[in-house]
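Sharing a structure here in structure tokens format.
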Amino acid sequence: MPDRFRRRLLNLLLSFYNSQHNGLSYLEEDYFEDSAYQRIYRKIYFNIFRNLGFIERILTEHTRNLKDKKAKSLLVLGASQIFFMDDIPDYACINETVKLAPARLKKFINATLRNIARNKETFILSYSIRENFPAWFVEKWSDFFSNDRELDNFLINLNKSPEFCSINLDSLTPEPYIKNANRSYPMDLASFYIPMLTKNTGAGFILDACAAPGGKTLVLSHLHPEAKITALEKNSKRSDILDQNIKKYNAENVIIANEDFLNFDLKDKEKFDLILLDAPCTGLGTMKRHPEIRWLRTKEDIKRMASYQNKFLEKASRLVTQEGCILYSVCSLEAEEGIDVINNFIDSNPNFKILTPDFHHIPSEFFCGKFYYTLPH
Ligand SMILES: C[S@@+](CC[C@H](N)C(=O)[O-])C[C@H]1O[C@@H](n2cnc3c(N)ncnc32)[C@H](O)[C@@H]1O
């Protein structure tokens, strides 16, 4: 019997090569779930999508054509383990993959994977970090960095595992990550400091416009305990998760609404003093946690999201009080979705201005001029 997780990974690769993923991430389940099954599934999954360019190149160079998607998926699954799962012997990587192959492919998969295993040390010598990102992405970022070393450092870091800390919600400080801690929420530092930027903003009514799963809502709730916070989330499944988190962490000043922010109506209620607009984006800044995202997004997606984000910011501007603040953020590193959206908005809305946040409680490397901007390293 082949392993359950390998069958699942094979099906996932098949849907990836058949473009049946609808642009969604594959790693749907809780990142922090920690069963033995989940650990090995996640490890192989990450190895595949972090190194897919290299794996596909080796396969293309050393096998007959890879038009058969089943064969290609099986080979990627097997080769990724041979190259990157040091704790599984090559013969087991090969045998377990061959078990998943239909009769017509067994011989071919077996022979190809054996050949790869025999030559793996030589193949690894030709590994290049850049081949593991789409060409358009590498080209775009090579304009940003002044030399090749910086670019490679950036890409190497994007291919690393994410680092989380536990946010102590009582003291609002980051602590080393503790599993299942009661009063601390797992978060990465870059996300934590976003709501912390509002530390010195007096706010009675706060809107968290795109709130699930709610990490930033929780920080806002504890940072502004006297405020009334409305947390919106369009997606009903994610709104349920938000609800669970709000209850679990006793964020009593938060009211959740499963609503579309773009259709949100004040209905005679007061405007908000503070709006956190953690807008939907390409997610290209979440590659450490979602390595597949680089292969699912295109340059056109960035443009498409930017025009969507403009609408969100325009909408927020109609819901904020005259002296109020909008905190706009995205988990994309692309200027088109972040800094450019803000600058374009300011250009066409002269009654708004950019506020430089108070840096004191935030590490200085997280700033880029007037903006809060974090890179993977
Ligand atoms: C970047 S995530 C928010 C993360 C969240 N702020 C946190 O810190 O945990 C963006 C969220 O916006 C939601 N969303 C997308 N379009 C929306 C809309 N039109 N109205 C409200 N929520 C929306 C998505 O479902 C997603 O949960």
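For all residues, glycine too, the Cβ spot is worked out from N, Cα and C.
Automated prediction, rather than curation, is the source of TrEMBL annotations.
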Based on TrEMBL, name the residue from D170, D260, D301 that is recorded for the same S-adenosyl-L-methionine site as C210, A211, A212, P213, G214, G215, K216, E233, D278.
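S-adenosyl-L-methionine site check in TrEMBL: besides C210, A211, A212, P213, G214, G215, K216, E233, D278, the record includes D260 out of D170, D260, D301.
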Find the average pLDDT over the domain 'SAM-dependent MTase RsmB/NOP-type' (108-377) in the predicted model and report it.
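Here the mean pLDDT over the domain 'SAM-dependent MTase RsmB/NOP-type' (108-377) amounts to 94.
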Would you mind reading off the Cα separation of G214 (S-adenosyl-L-methionine binding site) from C331 (active site, nucleophile), to the nearest angstrom?
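That comes out at 14 Å between the alpha carbons.
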What residues, ordered by sequence, lie under 8 A Cβ-to-Cβ from K216 (S-adenosyl-L-methionine binding site) and sit at least six positions away in the same chain?
S191, I194, P195, D208, L276, D278
Going along the chain, which residues six or more apart from C210 (S-adenosyl-L-methionine binding site) have their CB under 8 A from its CB?
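Once residues fewer than 6 apart are set aside, C210 (S-adenosyl-L-methionine binding site) is near L232, E233, K234, F261, L277, D278, A279, P280, F312.
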